[in-house]
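Enquirer: So TrEMBL has the following annotated:
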- Cys262, Cys325, Cys326: Zn(2+) binding site (BINDING)
- Glu711, Gly784, Asp785, Val786, His787, Asp788, Ser832, Thr836, Ala888: methylcob(III)alamin binding site (BINDING)
- 21-340: domain 'Hcy-binding' (DOMAIN)
- 373-632: domain 'Pterin-binding' (DOMAIN)
- 664-761: domain 'B12-binding N-terminal' (DOMAIN)
- 774-899: domain 'B12-binding' (DOMAIN)
Amino acid sequence: MSPTNVIHQFSSQAECSCPLELELRALLQQRIMVLDGGMGTMIQRQKLEEEHFRADEFKEHHLSLKGNNDLLSITQPEVIYNIHKEYLLAGADIIETNTFSSTSIAQADYGLEHMAYRLNKVSAELARRAADDVTKQTGCKRYVAGAVGPTNKTLSVSPSVERPDFRNTTFDEMVEAYSEQVRGLLDGGADVLLVETIFDTANAKAALFAIDLLFEKSYERRPIFISGTIVDRSGRTLSGQTGEAFVVSVSHAKPLCIGLNCALGAPEMRPFIEAIGKSTTAFIICYPNAGLPNTFGDYDETPAVTASNLKEFATDGLVNIVGGCCGTTPEHISAICEAVKHCQPRVPAADIYQDYLLLSGLEPFRIGPYTNFVNIGERCNVAGSRKFAKLIMAGNYEEALSIAKTQVEMGAQVLDINMDEGMLEGPTAMTRFCNYIASEPDISRVPLCIDSSNFSVIEAGLKCCQGKCIVNSISLKEGEEEFLLRAATVKRYGAAVVVMAFDEEGQATDTERKVEICTRAYKLLVSKVGFDPNDIIFDPNILTIGTGMEEHNQYAVNFIRATKLIKETLPRARVSGGLSNLSFSFRGMEAIREAMHGAFLYHAIKDGMDMGIVNAGNLPVYDDIDKDLLLMCENLIWNRDTEATDKLLTYAQNNMKGGKKVVQTDEWREGNVEERLEYALVKGIEKYVVEDVEECRIQVDRYTRPLHIIEGPLMNGMKVVGDLFGAGKMFLPQVIKSARVMKKAVGHLIPFMEKEREEMMALSGSTEEVDPYQGTIVLATVKGDVHDIGKNIVGVVLGCNNFRVIDLGVMVPCEKILREALREKADIIGLSGLITPSLEEMIYVAKEMERLGMRLPLLIGGATTSKTHTAVKIAPRYTCPVIHVLDASRSVVVVRTST
């Protein structure tokens, strides 16, 4: 079979679907379908109390269960059945199971992790019964979507300011939890799997990984819907990805539908739905909230307004499925059905970026037919950079991170990460460094190339990345069976793959063998694994020349010729290579090496080389290379002069000192110290912050006390961060990064502040022990709410600013909050909540604080809270200050002025 026929086979395979997907695809081409509305909204209408959540089965359970809505499928099944039926009779074509938090990970907060499978199976059975009953009643077929929520943990953001690499769960734990959930949903009768409300794409990739494994081993394939959540006007998910990058990251799952839900109302969601629609061939699903929450945390957008907004989406050809999320009811769904029933559905594009390799970090990166050569930064490689290796071996990951950042600043569009060193525990080192990268948005905006000869190390890296990576590499070295197994695994992670020109007989060195191996691999990947040809990258082996061995003289020529043939005969495949191998014979002679690389790339790119692992800052312009040096390099590359190596060595002795030019990237250092500190905080640059803070400290005429530096230039910088974050010009990882710089700056000042206090005590004659912290704050997500992302961020920011943070976690009863505040001698209590019922619990906490005669400031924060609700509903219950905190970046200012 020719490669052209193979690619046609891939195209036909991509169009094949399960019978139910074909059925839904036909419906979606005919009309706009309608999803149901908010389950939580309808449950709140029931005014259920603790005893309703417990029923007889959980009467003696040791934790509070109120707020565990998913449990109602077991304890109050008729309530859930009736809600499903209301939505179906209102016109919903598809209903979601009551399983948003039914993973073992999320249920662990209620002590019910062992119930996960049962919760999902029972919930799916309830929805199935309701759908079938209404199908019989109306004669119109209804469908059940198994709701797969995001869990209450994140794989991409550390909950610890001290350890950017730390995660409180793992990819494997996520896969296990999602597998259990999906088994329950499928066994209970779900037609579709809906992975929804995705705030961290890494979590979603774990869910998709689990689903694909189950489809391969145990279950018939079902349609997959995927829905992300854009959290604010920045147009990014909570973990920092743009909508387009999100689409690239999950498209390997071949979803029937992709779109957005929650967080925003329809008008705010529109530009992001439009952008996603331009990025995918899938159908578009959109189920926004009933507008934005009002000042009391309620959703008061009427059914008519919601329906009118979504009708605009429909008439403009933006959507295929519409529905509602938070705040929507059967009345909303009925109005939406009526509004869109005569609208034509969106017609998905037949192909998007047909000839493009699509990658993503926090942002998408597209490599197409006319894309210039792609620089894959090479310096984060323990085998290729002595400096990087030394830092990693010493455990100095933060400084090693600066090498990655420099590569990006120098123009690397992808970062190669390699931890292949005998003294390293490869998977651990890869995981740790990739997690550090995730904490640095200036680096993580670009895709990663996970590079190792050990496949377990490659998998460790893939498990850390929310974007779409490149795997470097696999080969036929160990035979077809192992090659196909690894290729299928790479595909399941959603990565592109580099294939080395290496088979059972060894590494290919001549042109014919290079092309032969690559052609064989291409056919296997496309026809047996179902790899998109755009995701295949060949490395025909850039081998070392100038060794003095005659058999090596043709290596560069053979690579260039093989590249040309591969690009001509293997449609849509790319060609890459590790450039530093070429000049290894001249190690230590950097000027010679750079000239060789520049000359080689000039010719290889002309013949089709798309990308290469290079030192992005050290590639000379071809025309700028010294003419004599260029001639010698090209004679060596093209094997035109048997004495080329000796001539290069002589040239180096007479004309070069080696080394490389340092590119100045610190122009901002030329400003005054206040400007430098602000820049460092906004950009998250730790390198000079201690030096700059010390410069301020010794200016005693301007800063008479260390505290004045904190209150002056440091807080001014953090205010800028807050303003940028509020305007959507910064996002979560950047705020955390700025907070770490702040912590380092304050850390330098603490000894001087302590000394100042000691001196003041000595003058006053006091012997009282000085507290090294600025204050103690107790933080908690209130009872009934298992969401803690926002609270964790506040804790990180406060911890960075020398506050002692006592984080009590989620689902914390009032009595525990107050007890711990008294025991820890807290200066402030901070309450967090994401869902509307949390507001009532916050009022209760305030009332209890008043009843007990407490005199601590009370901070209120979270997505459903507002300044007005805090002032009108909470503050009157407590005579001491009750303060609403707008966002995490402003928490320092609020806390400092309250202690």
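Quick reminder: no glycine exception, Cβ is built from N, Cα and C everywhere.
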Enquirer: Are there any residues in the same chain, six or more apart in sequence, whose C-beta is under 8 angstroms from the C-beta of Cys325 (Zn(2+) binding site), and if so which?
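Expert: Cys325 (Zn(2+) binding site) has long-range Cβ partners Gly37, Gly38, Thr197, Asn261, Cys262, Tyr287, Pro288, Asn289.
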Enquirer: Looking only at the domain 'B12-binding' (774-899), how are its residues distributed among DSSP helix, strand and coil?
Expert: 59 helix, 24 strand, 43 coil
Enquirer: Please determine which of the binding-site residues listed here (Cys262, Cys326) has the lowest count of neighbouring CB atoms within 10 Å.
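Expert: With the binding-site residues Cys262, Cys326, fewest surrounding Cβ atoms within 10 Å: Cys262.
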Enquirer: Can you tell which of Glu711, Asp785 has the least company, meaning the fewest other C-beta atoms within 10 angstroms of its C-beta, among these binding-site residues?
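Expert: Across Glu711, Asp785, these binding-site residues, the one with fewest Cβ atoms within 10 Å is Glu711.
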Enquirer: List the helix, strand and coil residue totals of the domain 'B12-binding N-terminal' (664-761) as derived from DSSP.
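Expert: The counts are 75 helix, 0 strand, 23 coil.
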Enquirer: Where Glu711 (methylcob(III)alamin binding site) and Cys326 (Zn(2+) binding site) are concerned, what is their Cα separation in Å, rounded?
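Expert: About 40 Å separate the Cα atoms of these two residues.
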Enquirer: Asp785 (methylcob(III)alamin binding site) to Cys326 (Zn(2+) binding site): how many Å between their Cα atoms?
Expert: 15
Enquirer: Fill in the CA-CA distance, Ser832 (methylcob(III)alamin binding site) to Cys326 (Zn(2+) binding site), as an integer in Å.
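Expert: Here the two Cα atoms are 18 Å apart.
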Enquirer: What is the pLDDT of the domain 'B12-binding' (774-899) when averaged and given as a whole number?
Expert: 86
Enquirer: When a 10 Å sphere is centred on the Cβ of Ser832 (methylcob(III)alamin binding site), how many other Cβ atoms does it contain?
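Expert: I count 29 other Cβ atoms within 10 Å of it.
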